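So that you can see what the record holds, here are the features copied from Swiss-Prot:
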- N49, G50, G51, N62, N91, D92, S117, T118, S119, S122, Q172: substrate binding site (BINDING)
- H58, N62, Q172, H180: Zn(2+) binding site (BINDING)
- 34-196: domain 'SIS' (DOMAIN)
Amino acid sequence: MIEQIKANFTESIQTKIAASEILPEHIEKAAYMIVEALIRGNKVLSCGNGGSAGDAQHFASNMLNRYERDRPSLPAIALSTDTSTITSIANDYSYDEIFAKQVRALGQPGDILLAISTSGNSRNVIAAMEAALSRDMTIVALTGKDGGEMAGFLSEHDVEIRVPSNRTARIQEVHLLVIHNLCECIDDSLFPADHGDE
């Protein structure tokens, strides 16, 4: 068991090193897109399933509350938190629609959809992307493996941050690091501070 634990640490480190070689430009582009949207008065909607739902909520909470330093709240909504809405949509329509109907109701042109799926094949996340495109929103997709079907829905105006791994756990670990990087870049862009004083 000890050896397996050590192997998991090693694999996680190796995945992060590989990601550090290919993802920074994509993360920077996504951060700039979000910053520009926020400056225009737009917001970020985030969605995902399971651990990715947790990541979507983590991002939204960091935006609404704070990341590492005090600053004004930023508008972000995690679409996985309202159980009454989610269960009513799933019951009356389909689980595939639980995010899409919220995007059609809440999304405005210029808003950002942060769509998270380790496989890139989550049907309800893809439906949310389709809804976002119909609302003239921009998409930031966090994926893994081969990008799945989500990769095919993205245009040059969107950005995919694809983790170079086929293991769900490793992808989720890097997704969290990506989210923390996004939050830091957003804060540094909107609220520059002298880090030496912190």
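Heads up, the Cβ atoms here are built off N, Cα and C, so glycines get one too.
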| In the structure shown, with every protein chain counted, which of the binding-site residues N91, S117 has the densest set of Cβ atoms within 10 angstroms of its Cβ? | S117
| request: Around the Cβ of S119 (substrate binding site), how many other Cβ atoms lie within 10 Å? Please give the count over every shown protein chain. | output: 19
| request: Write out the long-range same-chain contacts of N62 (Zn(2+) binding site), meaning residues 6 or more apart in sequence whose Cβ is under 8 Å from its Cβ. | output: I179, C183
| task | Ten-angstrom check, please: count other Cβ atoms within 10 Å of the Cβ of H58 (Zn(2+) binding site), all chains counted. | result | 17
| task | Looking only at the domain 'SIS' (34-196), report the model's average pLDDT. | result | 97
| field | Residues near G51 (substrate binding site) in space but at least six apart in sequence (CB under 8 A) | value | T118, T168, Q172
| query | Cα distance, H58 (Zn(2+) binding site) to N91 (substrate binding site), nearest Å? | reply | 26
